[in-house]
């Protein structure tokens, strides 16, 4: 049987989402618009948080890095997807495919623990407000962030190391629009049972630990909110975490729907749509969720715009003098 890895053959073929030229054109226009909104929304969110001193708090520190992660893994997936939609050649090199997979796993795993860190931040803010400045210190926030990236790097390194041991003797066609773990495992003629177990343990641990942290935080938050007597107090407390709760629900909902499925159902249209949602659509939605539902962000945008107008006016006055 003819086997190959990167030392013999250098290309995979990404089948993409559809063979229909008409649908490809519609998807191209749609994905371009989504990607532009993603770039502008996430870059804008990072810029606003950096420029406005009142947003230099732990919550917005994490939110700026959430925008960075969303922008990064959208950039890892979307441009190559657009290239495949626009051209007849859907080839991706072995190195390119594994690089895409490495970056995607790293960023997605890091986002899981970043969302967990944001949930813990909301827990401390609502359940222990007097100790909030002490607990959520700059050093501790930086530790949580570093830990998120380290766990993402560990998951991704283990994943790519396992995948790099495989030999492929079947078709080189990946039935997906990006290099994900499951479709590539399906191409291998090696025994993948042990590799699947290892990947499942690491990926499952990331998902379960982060979900437990988020769930425990929100159970405590809900318990505290229910103890508040005034309706306005309850509304104010809930509004501080509503955006994050919505973002978590959308992100984890699509992840669970996509990956907690039997392997033989992975290539169905529903799973592909879910993959599109969390790789391309969610990075666009997050800045909208966290800005449109957040009065502090809206106020910060107005302050930054007003400050920029003031600076320009002073500059013009100085030139006229």
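In case you wondered, yes, glycine gets a Cβ from its N, Cα and C as well.
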Between the ranges 1-24, 25-48, TrEMBL assigns transmembrane segment to 25-48
Under 8 Å Cβ-Cβ from the transmembrane segment (25-48), and at least six residues away from its ends along the same chain, one finds 17-18, 55, 63-64, 67-68, 70-71, 74, 78-79, 81-82, 85-86, 280-281, 283-284, 286-288, 290-291, 297, 300-301, 304
Here the stretch out of 91-120, 197-225, 272-292 with the most C-beta pairs under 8 Å to the transmembrane segment (237-260) is 272-292
